[in-house]
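Structure, as structure tokens:
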Amino acid sequence: MKLKAIQNTFQTTLSGIYSKEEIDTIFFMLNEAYYGITRLQLALNTNLELENTDAILKALQALKAEKPIQYILGETEFFGLNFKVNQHVLIPRPETEELVAWVLKWYSKLNSASQSLKILDVGTGSGCIAITLAKKIPKASVFALDVSGNALTVAKQNAVLNNVDVTCVEASILKPDTANKLPDFDVIISNPPYVRMQEKELMKPNVLNNEPHLALFVENNNPLLFYNAICKFASNKLKENGALFFEINEYLGEEMKQLLHNYNFKNIELKQDIFKKERMIKGVY
Ligand SMILES: C[S@@+](CC[C@H](N)C(=O)[O-])C[C@H]1O[C@@H](n2cnc3c(N)ncnc32)[C@H](O)[C@@H]1O
């Protein structure tokens, strides 16, 4: 079958779900991943044919059912690095790359930048935050904590894939004895679950029906559950002048500032993402 014809089938099948450009991008990603055919090769030879179309047509059915392309391919890119993903981990988001960039900028200004740091990522999922920090700050010892053993299996694979050492810890940050299993840290960073149940209806079906709810949701009446627990943990486990970085719900910036203030953090800073939404906060202990 001619690839051009398959491309047209992609456009007609997926036009209610994705834009024309997104459909083409997905189509080219699949061709490259499954058949090693690049976008350029296809542009230069519009008569290219596939002998066996099973894989790409199966992917089309999954896309039609609104499965994210990252789960279909089983991988994605974060901060220029490759990460395996499956249904047990959240697909890493661009706003989380901004959070990591903020940590790296803060680190580059430290006087003690030559010293090794102990870093903890709470709710590591695919390990994207922990592994990127381990890669970019090779002297750091990085710990990655998650309550999900399945998520940690993915994080461990990703550490090997990216050739870094990360200590994975299976524990709940909501349990007080978790602190006893860990050393003191210079940096604690987290992108915890923060979507209120009431915000479910604003979410796209591809997220809602595919990504792990354990990674996403909190009860409406306790939206800062994880932030509260992590602030408490951090106030015990951060070294003097240690820093706490969070990705946050864009609607809860002021509440987050107050929370950090209540736990006696100083130099509290809310930060906007590239879309001018308050999506990150930092405090120093
Ligand atoms: C929003 S996801 C973030 C994943 C990843 N850090 C990222 O930024 O893409 C939140 C993560 O918190 C984990 N989590 C949920 N409840 C937890 C708990 N009680 N203790 C530790 N981790 C938890 C989930 O399994 C999930 O991996």
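For all residues, glycine too, the Cβ spot is worked out from N, Cα and C.
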S-adenosyl-L-methionine binding, same site as Gly123, Thr124, Gly125, Ser126, Gly127, Asp146 - TrEMBL member from Asn191, Asn206, Asn209, Asn210: Asn191
Gly123, Thr124, Ser126, Gly127 filtered to the binding-site residues whose C-alpha is within 10 Å of Pro192 (substrate binding site): Gly123, Thr124
Of the binding-site residues listed as Gly123, Thr124, Gly125, the one whose CA lies nearest the CA of Pro193 (substrate binding site): Gly123
Three-state composition of the domain 'Methyltransferase small' (113-200), taking helix and strand from DSSP: 34 helix, 24 strand, 30 coil
Cα-to-Cα gap, Ser126 (S-adenosyl-L-methionine binding site) vs Tyr194 (substrate binding site), nearest whole Å: 17
Check: same-chain CB within 8 A of S-adenosyl-L-methionine site center, minus Gly123, Thr124, Gly125, Ser126, Gly127, Asp146, Asn191: Val89, Leu90, Asp121, Cys128, Ile129, Ala130, Ala144, Ala151, Ala155, Ala215
